[in-house]
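In TrEMBL this protein carries:
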- 77-496: domain 'Major facilitator superfamily (MFS) profile' (DOMAIN)
- 119-138: transmembrane segment (TRANSMEM)
- 145-165: transmembrane segment (TRANSMEM)
- 177-197: transmembrane segment (TRANSMEM)
- 218-241: transmembrane segment (TRANSMEM)
- 253-271: transmembrane segment (TRANSMEM)
- 292-311: transmembrane segment (TRANSMEM)
- 317-334: transmembrane segment (TRANSMEM)
- 346-366: transmembrane segment (TRANSMEM)
- 372-390: transmembrane segment (TRANSMEM)
- 397-415: transmembrane segment (TRANSMEM)
- 435-454: transmembrane segment (TRANSMEM)
- 474-492: transmembrane segment (TRANSMEM)
Amino acid sequence: MSVKYDTKHIDRPIWRDFPTSLAEIKYRAIDQPLREITWFGREKIAEDESGGDTDIIVMDGRDDIAKEDDKRNKYWAIITTGAGLFSDGYINNSISTVSLCLSIIYGDQYLNSRAIQNVSSIAFAGTVVGQLTFGYIADNYSRRAGMLIGTTMLILFTILCAGAWGVGTSGTNAGGLFAAITAYRFFLGIAIGSEYSSSSPAAAEASNLFPAGRRNRYFCWFTNFMIDTGFVVSSFVPLVLLWICGSDHLTPVWRITIGLGAIPPLSLFYLRLKYKESAAFRKTKFQKVMPYWRIIKFYWFRLAVVSIIWFLYDFSAYAFGTYSSIIISIVLGEDASLVQKFGWNVVLNLFYIPGAFLGAIFADWWGPRNTLTVGLILQAALGYVLAGALEHLRKHVAGFVVVYGIFMTMGEFSAGDNVGLLASKTISVPVRGTLYGVAAAIGKVGAFVGSYVFPDILRNAGGYNTTSGLQAPYWVASSLCVFSALLGYFFLPPVDQESSNDEDRRFLEYLTSTGYDTVQLGYPEDSKIEFGHESCSDADWKIKEKHQTEEILGN
């Protein structure tokens, strides 16, 4: 697909994503969304643009070697990423069941203390540290090193968390148990953060090697869909354990639930030992210190927009997920058995799956930005309906779970699938780990804040046992959805099947135009590459004095 060559990224890099004229505003609001929709022409586009395994063109004649290398590597990257993010979903969501078990075992010791917030939220604080740290490791050293270190930590601290014990802990007295769980979950969060900054960029690079028309769905299926699968499994496992152990033995239920989370990363460790860096990363990695000021000037605006949307999405999504078991138990009432509460929680979590699966497909058909916007508006509408009809729905548990579940489905269909996709596809390969980590970290700050203030929102609006208290989170979340939809629609850059290749080209052109020596990019033993299929000769007039560009972009 040929597009008009735009030099705004060279002429005005700081404002390249900001609409600066009425014509540009019109294009953003009307023309651009229509260009991103490929519903009826997807097969033609896939045929015309199908880079498949040839999106990376090696300039030294080793085309066949590079093609075979990346053909094998794309499957390894997708598989290892999917397995890793499954653990993220399982470990994060299982704390909902753990929190419910602890509230039953220790009663007011847990419910009336800060422990209910600390145990649920501290992993998000650790995740932020991990995302920033491993983002640096992924770009400056290697994706593989980051994934292996993170996987090792994931296994170790999951086991420690499952066996947590404190001074004075007994069957009826918590003692130092809550402090021990909190400490282990912080380090567990650091390990989870490594999955975002190390493996998700690798998945983006692998998905770009699939045929055009299918790239977005593969990224979403092996990132967000895997997280949601972890959510579902983490709600079903304690139900099975409850059948086995009984409601009078909840300690083994919550401990085994956490401990089983160590099994997926154990099997994943071997896959990551075999993982090989993609050619795109090997040939564009910064060998010296990153030009951070240049990077900030080039990416500040889109990074800010994506980060805000991610913050708002995680603010509500993770808070609802963390406290879903408690919400269900309140709606069911005191007479409901624990098996009923766990069972309805499984049903509720199943609603994540269709949203994540279909959102990935529509990200290819409608484009990520359109899918994000439409999904968020629909989610907001459902949230307002749920809040307004909550008094009636509380009397009909099945109806409440269905409406609540569809509300969560639309969250996965929209921001759940597409915010990470937008963060990865709109950032160039050599800085993807770092900037993706920053955006994801800001998102996890939202998750931390949401999980921490969620109980306060309920209490300030009337309490857990009042309709007004349960309504408040839905009013807040729905309003944030509307704001995110408007922000994404008007200020996010377009993302089509070739956006990743185009962004690599623009970033390299920008670096060269500022006088940066692009010979510094890539492993010394690897040749330079050209991204995508389009020749960049149209830009030569603008940066022709920078001879190094020809080695990377071709003529």
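Glycine too: its Cβ is placed from the backbone N, Cα and C atoms.
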Next on the checklist: For the domain 'Major facilitator superfamily (MFS) profile' (77-496), what's the mean pLDDT in this predicted model?
Outcome noted: 88
Checklist entry - Against which stretches of its own chain does the transmembrane segment (435-454) lie, if we need a Cβ under 8 Å and a gap of at least six residues from its ends? => result 117, 120-121, 124-125, 127-128, 131-132, 134-136, 138, 193, 196-197, 200-201, 204, 295, 299, 303, 306-308, 310-319, 322-323, 419-420, 423-424, 427, 473
Item to check | Stretch contact, the transmembrane segment (218-241) with the transmembrane segment (292-311), Cβ-Cβ under 8 Å, 3+ pairs | outcome: no
